[in-house]
Amino acid sequence: MSEIKVPRLAESISEAVLVQWLQPDGATVAMDQPIATLETDKAAVELAAPGPGVLKHARAVGETVHVDDVIGRIEAGSGAMPATPPAPPTPAAAPVPAAPVTA
């Protein structure tokens, strides 16, 4: 499991507001996929998933969060991208009846 923490956005900024989850709670996400938007008094910043897995929200939209606060988690293992299902078998060609032999 990987924790999603609020990064240090700038030297003078110690808090931000979680303005949007870009992926719903329980969504399967890929590494580096944008998952949330934080907003400071100076800028809006997108956070990316630290790895593939299932996203679990730990904080609600509108909450003020501080540097190093855990806002969510990525549960690995169950969140690995699903394998591509096998292709359906190709139907065998139907046998063609032999034409009657005439003498």
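Including glycine, each Cβ sits where the backbone N, Cα and C put it.
What TrEMBL says about this protein:
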- 1-75: domain 'Lipoyl-binding' (DOMAIN)
- 76-103: region 'Disordered' (REGION)
- 83-103: compositional bias 'Pro residues' (COMPBIAS)
Please average pLDDT over the domain 'Lipoyl-binding' (1-75) for the predicted structure.
94
Secondary structure content of the domain 'Lipoyl-binding' (1-75), with strand meaning DSSP E or B:
0 helix, 40 strand, 35 coil
